[in-house]
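Visitor: Per TrEMBL, the features are:
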TRANSMEM  54-81  transmembrane segment
DOMAIN    56-543  domain 'Major facilitator superfamily (MFS) profile'
TRANSMEM  122-141  transmembrane segment
TRANSMEM  147-168  transmembrane segment
TRANSMEM  180-198  transmembrane segment
TRANSMEM  210-229  transmembrane segment
TRANSMEM  249-269  transmembrane segment
TRANSMEM  312-337  transmembrane segment
TRANSMEM  357-376  transmembrane segment
TRANSMEM  383-402  transmembrane segment
TRANSMEM  408-433  transmembrane segment
TRANSMEM  454-472  transmembrane segment
TRANSMEM  520-538  transmembrane segment
Amino acid sequence: MGEKPVVRVVDLDLPRKPTSAIRTVSPTPLLEVDLEARGYGQSHEEWKPQKQEWFIMISLAIISLMVALDATILVTVLPTIAKALEGSSIDAFWAGTSFLLSSAVFQPVIASVSEVFGRQQLLLLSLTFFTVGTILCAISTDFTLLLVGRSIQGVGGGGIITMSQVIFCDIVPLRQRPKYFSIVLGAWSVGSILGPVVGGALCQNSTWRWVFYINFPFCFLGFVLGFLFVRLDSASELTVAQKLRQTDWLGAVLFLGGMSSALIGLSWGGIQYSWVSAQTLVPIIVGGLSVAVFVAWQLYVQPKSLLPMSIFASSSAVAAFYCALVNGLILFTALYYVPFFCMSIRSSSPTKAGIDLFPALFFLLPGSILVSVLTTRLGQFRWAIWSGWAIGTVGCGLFFLFDLHTNIVLWAVALSIFGIGTGMVLTSVNVGIQAISKAEDCAMAASMYGFMRSLGMPLGVAVSGTVFQNAMSARLALVGLPTAIAHDSERYIHVLHTMDPADPKRVAILDAYLEGFRGVWLLITLASASALAVSIFIKKHSMNKVLLSKYTAH
């Protein structure tokens, strides 16, 4: 989209001194040249960020921490919110899912629009959406307003996620990108680790509204950092009217409408309505048709399309995007159901449930950083994808051993293995997708990675919710207990805590909960194994690319 770049090469001196990274700062899709294809070898001299680039990377890390904190802070608080606002388990489910849905579908649109209107503008707009959504959530007196607020928050959160990805494509060469993007991943991991614990502590010691109040200082800091330091505006001379004409608005409407409709139908299926009901099937069919029209439109309006179809042109790309989808599905299913397991089966408080999630989130960061450093050093990424999926599948399988009497050693080992594997995949698939894509598509490929991973999150919560309810309902019916318990399982935790531990009814209900969790563990284990199998089709691609750009930071 936008003007075709007039290439400007910065500090390029290949004949005298071959190098795998040329300094440049750009807010546009980068032109990257494969050095190996030109006969240049890898140099030991690495690209180094300058002061302005450090400011940008640290600013994005701090803003990303805020989004990660908000994405996970509700995990341990949902039962409390459901009780306070007199909502059902379905309401609690949508409080989490609405954020994930809007976050996913808006990412490619925001990334594409930023090609025309500028990175900084779209980052600040995303922060505005996030702040407005946070305000609505904080003042909510019923679930309707809360869901509206969470949806708006999701738009902002998705924009922040995708702009972080795209801006790193603008300023860091591919070979060095994993190492420096680990700064953002580290901040994201810290936010993810603190979210469940902070949320649990706040709702135990004050009002649940503090899980939203806590965002306001971060929002203010985000605006300051984004305005002062993330200066990557386009040097284009286009007027606002010309920029509006350059944007594929019809494509944006088709994509947002189609994906939203399909995801809402998938989220309703088996939880709010039957999978064969009109309420479920109609949105899925309409959404699918809309996405099909969107794809045809993108092929017709090239090269000004919202989403370049060329990023899906190879089997390697399709396999890598599938891995991104499954990574999001598995990670957020675990983030939701592990604390839920702790609060129901182990009678943990919200704070304790957040702490029990520590091993997975704590080891996710080392796994990710290890891959970041080694892929930068080796210039290879496939080994990390394969190893990560193998380790992660073992970790998912160990979840089957969890029961009422699971000791702390088994718990910590299983979650640690899961965290390491998930962290390895998180980084390596991101790098792989960018290495596979064409130079001019790199930024949108990075954005699409974020979209696919974010798409997996609501899919994971929706599908696992169906699996959990069906498995739990079947066990309840088998022992003659009302299946309605399975449809209100989050709120029923408060009832479990008031029952005598030796009560046979309580034991039978807990056994039904366990059956539901086993269904979820089976789902993520099979999904992880399928991603391992699919990842075999990812072919070798070079990471030795030089950045060429017409833009500079200011």
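Note that Cβ sites are derived from N, Cα and C of the backbone, with glycine treated the same way.
Note that the coordinates shown come from a computational prediction; the quantities given were computed from them, not determined experimentally.
Give me the structural setting of these features: burial, nearby parts and distances.
Guide: Residues of the same chain lying 6 or more positions beyond the ends of the transmembrane segment (54-81) and with a Cβ under 8 Å from any Cβ of it are 87, 92, 95-96, 99-100, 103, 123, 127, 130, 134, 146, 153, 157, 160-161, 163-164, 167-168, 171, 180, 183-184, 186-192, 194-200, 202-203, 208, 211, 214-215, 218-219, 221-222, 225-226, 229-230, 232, 335-336, 339, 343, 350-351, 353-354, 357, 490-491, 493-494, 553.
Among residues of the same chain six or more beyond the transmembrane segment (122-141), those with a C-beta under 8 A of the stretch's C-beta atoms are 63, 66-67, 70, 85, 110-111, 113-114, 148-160, 163, 167, 209, 212-213, 215-216, 219, 222-223, 226-227, 230.
If one looks beyond the transmembrane segment (147-168) by at least 6 residues along the same chain, the residues whose Cβ comes under 8 Å of a Cβ in the stretch are 27, 56-57, 60, 63-64, 66-67, 70-71, 91, 94-96, 98-108, 110-111, 114, 119, 122-123, 125-138, 140, 177, 180-181, 184, 222, 230, 232, 430, 443, 446-447, 449-451, 454.
When Cβ-Cβ distances below 8 Å are used as the criterion, the transmembrane segment (180-198) is approached by residues 49, 57-58, 60-62, 64-73, 75-76, 164, 168, 172, 211, 214, 335, 339, 350-351, 353-355, 357-358, 361-362, 364-365, 368-369, 372-373, 423, 426-427, 430 of the same chain, each at least six residues removed from its ends.
Listed as Cβ neighbours of the transmembrane segment (210-229) (distance under 8 Å, sequence separation of 6 or more from its ends, same chain) are residues 52, 55-56, 59, 62-63, 65-66, 69-70, 73-74, 77, 120, 123-124, 127, 130-131, 134, 137-138, 160, 198-199, 202-203.
Long-range neighbours of the transmembrane segment (383-402) within the same chain, counting only residues 6 or more positions beyond its ends whose Cβ lies under 8 Å from a Cβ of the stretch, are 320, 323, 330, 341, 345, 367, 371, 374-375, 410-411, 413-429, 432, 517-518, 521-522, 524-525, 528-529, 531-532, 535-536, 538.
Same-chain residues lying 6+ beyond the ends of the transmembrane segment (520-538) with a Cβ under 8 Å from its Cβ atoms: 315-316, 319-320, 322-323, 326-327, 329-330, 333-334, 337, 382, 385-386, 389-390, 392-393, 396-397, 399-400, 402, 421, 425, 432, 436, 460, 463-464, 467-468.
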Visitor: Would you mind giving the whole-number mean pLDDT across the domain 'Major facilitator superfamily (MFS) profile' (56-543)?
Guide: 88
